[in-house]
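A.B. asks: According to TrEMBL, the protein carries these features:
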DOMAIN    210-238  domain 'C2H2-type'
DOMAIN    239-267  domain 'C2H2-type'
DOMAIN    267-294  domain 'C2H2-type'
DOMAIN    295-322  domain 'C2H2-type'
DOMAIN    323-348  domain 'C2H2-type'
Amino acid sequence: MGSCRLCSGESPKNKRLDDRPFREKVLDIICMWIDVDDRHLSMNVCDSCFDIVEKFYLFKRKCRLFQTKDREVNPPEEKTSIPEAVLNGEFEVIAENLKVPNEDSSEDENNSEDEYFKSLPPLKKKKKYPYKKSTKPPVLNENGERVIVPRPWARKFKEAVDLPPQEYREYVQTKKPPKKQSVVCEICGRTVDCCRIDGHRNRHLGLEPYECQICGDKFNCKYNLKSHHRRNHVEGQECPCSVCGKVFGSRPAMVSHMKNVHGERKYACTLCPLKFHKKTTLAYHLRIHNQTRDFKCPECGKGFYCKSVWNIHMRTHSGEAPYRCSVCEAAYVHRNMYVAHMKKNHPGVPLMVLSGKRAMKEALLKKGVEGVKV
């Protein structure tokens, strides 16, 4: 079974559209020529559509025959010829039949038009922004004539501010930075920007040569050190949170706090009621449900879904408790336990900030655990 070209229903394979007289009948009825050159389309017509085309064609044919006979019996009236007086320019003959509009009617029409235009809403005028005149006095030369001084902020390169326009264009062409080049990492084969290849290699080797001079944190890339300094150690740019009042050292840190803590959690887990801000965080969370254990302990072989949980587990082997109370001798493996202890026993005492990850790695190296990168 095939499909009908006219109604898209089921039809036997008869290829009735190959018959040109039948296609002309369809054209006479629907005023549309059917293309048969494209063989990907169906050429079949079902029996019901075939009967309808034949009936409509006979009906239109009878109507045309009736019209021709009616014209023979009742011929159309001839058009009245133009009077000779009009052709000769004698307009007095038809002047009596012309209707001249009264002045009162024209005034009424004008009044109605005025009322219509008044009823329309007023057009919105473009705002004219006032031109702010410069308060600086003009620069004059020795003869008292005004000298046009180029604005230094209108040009990107300050060393070429005084150059004429044409020379400045040539200077800019020579100063255009080269296109960024990408380098293939010889360890993993990944294509990395040439500016980031140093930090990418250090991440493979476990090196952190860039150290913050203020807090001592180490990074494998100089760009990560710059962003860390801009987030945490910029003086005079303290930004408080408008919701909870927490003060941050920079605006980017405050914006990330607003998104992570007070922002809308759009991505919900389908297996538990937790919601997350980012899609990547949701994918990271799904490892718990999928039982993906990519991080193996080199000491006992236990697997973990997250590296942060692996770091906490490694402290049980090293015996390191990096979070120590500054008032008593209590020490804790996890920061949450340390914070709960300080709030319960020593409220008001400032919490210490410690890189527990670095302390744990140093303790593991002292113990001689293999597979740990500093």
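Backbone N, Cα and C atoms are what each Cβ position is placed from, and that goes for glycine too.
Quantities reported herein were computed from a predicted structural model and do not represent experimental measurements.
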A.B. asks: Can you name the far-off residues of the same chain, 6+ from the ends of the domain 'C2H2-type' (267-294), with a Cβ under 8 Å from a Cβ of it?
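C.D. replies: Hits for the domain 'C2H2-type' (267-294): 259-260, 303-306.
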A.B. asks: Please report, as numbers and ranges, the same-chain residues at least 6 past the borders of the domain 'C2H2-type' (210-238) whose CB is under 8 Å from any CB of it.
C.D. replies: 195-196, 198-200, 202-203, 247-253, 353, 355, 358
A.B. asks: In the domain 'C2H2-type' (295-322), how many residues does DSSP assign to helix, to strand and to coil?
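C.D. replies: Summed over the domain 'C2H2-type' (295-322), the classes give 12 helix, 4 strand, 12 coil.
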